[in-house]
Amino acid sequence: MSTNSFPLLQTVNDPADLRRMSRAQLKELAAELRAFVLDSVSKTGGHLSSNLGTVELTVALHTVFDTPRDRLVWDVGHQTYPHKILTGRRDRMPTLRQLGGLSGFPQRTESEYDTFGTAHSSTSISAALGMAMAARQRGEDRRAVAIIGDGAMTAGMAFEALNNAGVADANLLVILNDNDMSISPPVGALNRYLAQLMSGQFYAAAKNVGKTVLGPVPPLLELAKRFEQQAKGMVLPATLFEKFGFNYIGPIDGHDLDSLIPTLENIKGLKGPQFLHVVTKKGQGYKLAEADPVAYHGPGKFDPSVGLTKPATPPKQTFTQVFGQWLCDMAAQDDRLVGITPAMREGSGMVEFEKRFPGRYYDVGIAEQHAVTFAAGMACEGVKPVVAIYSTFLQRAYDQLIHDVALQNLPVVFALDRAGLVGADGATHAGAYDIPFVRCIPNMSIACPADERECRQLLSTAYAQDHPVAVRYPRGSGAGVAPLPGLEGLPFGKGEVRRTGQRIAILAFGTLLYPALQAGETLDATVANMRWAKPLDTALLLEIAAGHDALVTVEEGAVLGGAGSAVCEALNAAGIQKPVLQLGLPDVFIEHGDPARLLALQGLDAEGLVRSITARFGPAAG
């Protein structure tokens, strides 16, 4: 679309421009903003459904609150494209999630309107509460607002923050963006019911004592399902959130500016913790996304007039798909197997497993700590848990990994998806640290398959062990080596030599084996596929060290404490002095961009490996 398609939006350079518009103009602006988001994401790829669902809420927040003086903290942050567009970044949207371009998440270094960096869920209430308390301590009269989804609200961290906020009595507004409930007809019925309730004697009595009691509604009951179920439609003297010390308001239609703006204006004048429940619809305004918000959660480039289409040529099998197929095959063979995921069914490749084995599939919600200890409890009883989790999210359950699984030496398999660089999602989602943080834990092992075939084999190896094992693999596809049928594993803790050369030996951990092999051809170097960061194949290492002048370790993970460090430790323990060049991800957070380009910038493609090795050890002999 041309800029002429968005005449009002083109006049908005910062939120102050919204505050000069009439209500009718704001509605027109919201329509343009939604169309702009759709047009933009269709050209760059990115998160779509969630952003289409927050258009009116974003317009209302920036209209009512004095941003950036008033702080907005967006939980997870993948719903912030409208926020970015309205805060001076409209013309940079073509660079979204590209190297050097806009982040797909809030980023403090990108804009003063991004008050807190988010990407992992359920952090917003804690951060906003901290900001509210800091404002109080400094004598500043400003508001802090946390916008959190119904999924993120299920995490324990969110409830910990609510508990603290109620006691602190801070000037904090928590907005529950509930997009798990249809707007029509339920909200129409709710609005009628609430209109009757608010005009009745019960509401008047509640108001006299300073309480706003709007009664339980289905999303609230769903959110509080761990608490005693209450009869639908029953008016309670206090909601769950009021028990936490909040004044609960809602639910209201999150797509209706005539409801949102007056409600937010009223709340702005209230002191103490406030809780506003808004109901939105993922994909709002784009029928294809409304019908299938999961498919349009994070699409690539597409034609909005056609929608998502299957590629002309079938894509290569991804590591996620390899895992999903292995999980189903192993479950068919062993009825002790159960699959556990913290709300990542699609992303972790467990859709088919849920269909085929519904009684053995456990989605515990956004609750990584619980997921790990839940698996530990099952393992205690002879069940064989497989926890499918992104590498970056396992960080959230580190104490449980150590205390509840490893300390008790329980046989839990951790399928670590998105290991290494993830590309467009950037530093917040990179799985850079799993090798260092897993290999230092007693009883834990970690495997690094080089390709799709090895991924299936090493998952079987991990499953056969009587102690906890993690198998790390990257996003997307690898070298394209088709997995073998059957469930045979590879030897535990053993690597292999893939190329025999002279003078220099390259020890590759994981999918960087293939650029290492290319570099090995150029340098006439020996190349080993080490497969395991722990236990390290010490026998193979010492054999290689004895026959070469220098060693190079290569891994798509943090160099500090990584597999290269394990090699150096093993050589030192054996009393062997040999120069070792450790190549991997440096001690910096690597931003978003094309994964292949990012690896090349870190010198982890074949050409980069040759450059680094030559710079350290000189050119290949002869």
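Placed from the backbone N, Cα and C atoms, the Cβ positions cover glycine too.
Site annotation for thiamine diphosphate in Swiss-Prot covers His78, Ala119, His120, Ser121, Gly151, Ala152, Asn179, Tyr286, and the matching candidate from Glu368, Glu381, Glu452, Glu454 is Glu368. In sequence order, His47, Ser50, Asn51, Gly104, Phe105, Ala119, Gly298 constitute the residues six or more apart from His78 (thiamine diphosphate binding site) in its chain with CB-CB distances below 8 Å. Neighbours of Glu368 (thiamine diphosphate binding site), defined as other CB atoms within 10 A of its CB across all chains, total 29. For the pair formed by Glu368 (thiamine diphosphate binding site) and Asp150 (Mg(2+) binding site), distance between Cα atoms is given as 16 Å, rounded to the nearest Å.
Each residue contributes its Cα atom, and for Asp150 (Mg(2+) binding site) and Asn179 (thiamine diphosphate binding site) these two points are 7 Å apart. Here the Cβ of His120 (thiamine diphosphate binding site) has 22 other Cβ atoms within 10 Å, regardless of which shown protein chain they belong to. The binding-site residues listed here are Asp150, Gly151, Asn179; among them, Asn179 has the most other Cβ atoms within 10 Å of its own Cβ.
When secondary structure is read from DSSP and collapsed to three states, His120 (thiamine diphosphate binding site) falls in the coil class.
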